[in-house]
Every structure is written in structure tokens, then in C-alpha cells.
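Here the structure is laid out as C-alpha cells; the discussion comes afterwards.
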Amino acid sequence: MAAHPVVEWTSEASWNMVEDKFSPYAKETLAKLIKFLEDEVFPARALIHAQVPDDPVQRWKTVIPVVEELKVKAKKQGLWNLFLSKEHYPEFGVPLTNLEYAVMAEILGRGGHFAPQAVNCSAPDTGNMEVLARYGNAEQQKKWLIPLLNGEIRSAFAMTEKHVASSDATNIRTSLVQEGNEIVINGHKWWISGAGDPRCKLHLVMGKSDPNNKSAYNQQSVVIVPADTPGIKIVRPMKVFGYDDAPEGHCEIIYDNVRVPVGNLVLGWGRGFEIIQGRLGPGRIHHCMRSIGAAQNALDTMLRRVTDPKKKTFGKYLHEHGTVIADIARSRAEIESARLLVLSAALQIDKYKAKGALKEIGIAKFVVPSMALQVVDRAIQSFGAEGVCQDQELASTWAGLRTLRIADGPDAVHIQQVGQRELKRAPALVRKEAERLRKEKALLEKAGIKTHL
């Protein structure tokens, strides 16, 4: 029996570990996805970037033609909305588990920013679709979710604010006030991904609706704001180490007396934290999945470089220098370790949903991006000056990965949460050790051996 084509793109050992958890449909879809990426998406990367104008105005008005063509091809092949598991979203999902999608997302991560978009699996739309599928009412789903699922529109999620420490979401100040049959929104947000895209038709805005509530976690709500609503002012696109990520971008936005119908409230007043936790869990792991692929792609790029006979130094191939081969080994080991973390987190989500996998998601969230950054940095070093310029994608890959140590919660928050979870185990460990010592003492006394315990 021929090996599955995925073994050429990921670790054969990790595939052997999860293969029996893949349905026939998932195996077939994975094979189709790999062929689609090899034949259509990976060869189009240069063309995609060439079709984004350099003009500072036009680049924000552009719908990239080849990406739209890829979307049509992907949809015809059934390679569409792969992130949305039917088990969790029976009405809208596809018959794939999070574990099955994890392997697919790793391969997608090799294709940069646009490969996930070609199969309608790119942020922030993925998280927004999950919010609307899980928490939206029938009218909201018809108006906003269905066009998103069809890839006809795009969206933004507006939470982070300029003037407060948004890593603690209780700090947000944007106000949501009901006046009659309308909700009035006032606030100043930034780093709102996707808001620059001409296809962006809605913002999911998180704000404070009940600032005097005794519970700091019941003060917030989420509301759907059509992108063309009067009072929305896009101040500027923010740049990530000089990259503006047009045409989607990450925008600074002012909401100035923006009015929407009360019917645009998602789930109910004071349910904002519940919504964002449901949204961020799977989203965080999706980022980690793609980061594994980005790291693997960087290592592959490094291997081609260090075996290039045109790039010898001091009469030797680069790989013949001890530090280079050590870097290759470290990168291989770190990718393998991180992949196991991600796969175990995906499996936990399948078994217990995101709430039951918080520890695994948290560990993956602070381990994987840092690992990928190290792998990319080693690849950059093997290229010398070429590694940091526009002729290679390593620099833009590094910039994108660096944001993941901040996005969806900074490393420090996840580290603190994981540490606190570990500390909760201490009382049981103390009791267990006391019981062991009691038994040990009894055995010693029975044997007539004096003990000072």
C-alpha cells in the first residue's frame, strides 16, 4: 500500500501516530489539499505578491485576482471551510475533526498568508464564522455567516484598544449603550485585522455595556457593526516591522457615535467574555498549526541553501560547518516536539471542546511561535544578508510569527495561566507524598529499622 502523500510534507512518525484517527474522507481531503497546494497555490505565491499594487492608495482597494481564481478552484474540489468541524457545528461544518484539520493547517502554513485564504480558512474570518455559527441567531447567520462561509465577504474582529493594556480584556473602554432600538458605539480600537480589505463587510466589536456590573467578566458585550455604518473612521493601517499586510491590514479605527439595531447584539448583554473565549480557543490552535508549517518551510529553505554548491565558504559547503549542522538538528527536534503539542491540543479540543483543552492550548500558544521564530532565525542566518531582504520570504515569515507572541493573548498571560493550573495540583501532590511517607515509615518500623522521619 502506497504511503499517504502527507509524509513528504510532515513527519512520518507523527503521521503514523495519528493516521488511525483519520476518517477515509479526511485522508482523501488531505491528499486533495496537498495536490491543490502543490499544483495551484505554491506556484502562485510570486504572482499573488506581484498583483498587490505598490501605490499606497490602490493596494487597499485591490482584490487579488489570482486569489479569487484559487478560491473558485478550491470550492469546486470541496476544499472549503476545512476548519469548521461538523461535530461542533452540525448545521454548517464539514466532517473533519480538529485533529484532522491540524495536519491540513500545517501544510497550509507552508503557503504563507494567502494559502489559508484560498480555501476560506484564514483569520479573522475563521474565528468570526465560529462566533456566528455558535452564538448568532438565525437572522444574523443568514445575513452575515452564510456570505462568510461562501467566501463572498470578509470581516474584522475589533477588541484591542490603543489607550489601555488590552491583554487584560476587562480594561477595554469602548462603550456600547442602548438608546431605544439602537446600540450606540463609541471607542478607539487598533490592530483590527482585516478591516482594510475592500471585501470587509462587518466588524464584530467588543465593548463595555455594563461598566458597573459587580463581575468584571459580565460587563462586556459583542455587537455586529456593518463596515459601512456612518461614524466608522479607519485612521490608518498599522505596520508590522514595516509590513502593512495589504489589502487586509491591521487598522486603527475610531467608532464615533456608530449606531446599529439592537438586533445586532450577539448572544445577549454581558456575554462578551463567553464569546471571546469560545472564539479564541480554536483560533489560537489554528495559528499554532500554521506556525509549524511555516517553521518546516523555513527549515526546508535552509537545507536547500546549505547544500548549494554556489554558496560554499572557506572551501566547504555550509552544512559542513559544525554550527550549521547543529542548527539543522535543533530545528528538526524543536519542530517535532512542537508538532506533538499541537496535535495533542487538537485532540483535546475534539474530546472536550476548547474549555476542556485550555492547558494544552495555552502551552502550545507560548511554545510554538517562539520555536518557529528560532527555526526561521537560523534559516535567515544561513542566507546572510539575503535572508533579511525581499528576495526571500524568511523576513516576512519571521515578522508574522513574532506577532503571534502577542496576538490572542501575550506569552506572559498564557504562561501565568498554565503555571496557575499547575499549582492547583500541589495540594493533592502533598497529600499523596504524605501517604507514601506514612507507608514507608510503617515498612521500616516493621523491619525493625529506626527512622528519623
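Backbone N, Cα and C define each Cβ position, glycine as well.
As given in TrEMBL:
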type   : residues : note
DOMAIN : 63-152   : domain 'Acyl-CoA dehydrogenase/oxidase N-terminal'
DOMAIN : 156-258  : domain 'Acyl-CoA oxidase/dehydrogenase middle'
DOMAIN : 270-421  : domain 'Acyl-CoA dehydrogenase/oxidase C-terminal'
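Helix, strand and coil residue tallies for the domain 'Acyl-CoA oxidase/dehydrogenase middle' (156-258), in that order: 3 helix, 54 strand, 46 coil [DSSP]. The average pLDDT the prediction assigns to the domain 'Acyl-CoA dehydrogenase/oxidase C-terminal' (270-421) is 93. For the domain 'Acyl-CoA dehydrogenase/oxidase N-terminal' (63-152), the DSSP-based tally of helix, strand and coil residues reads 51 helix, 2 strand, 37 coil.
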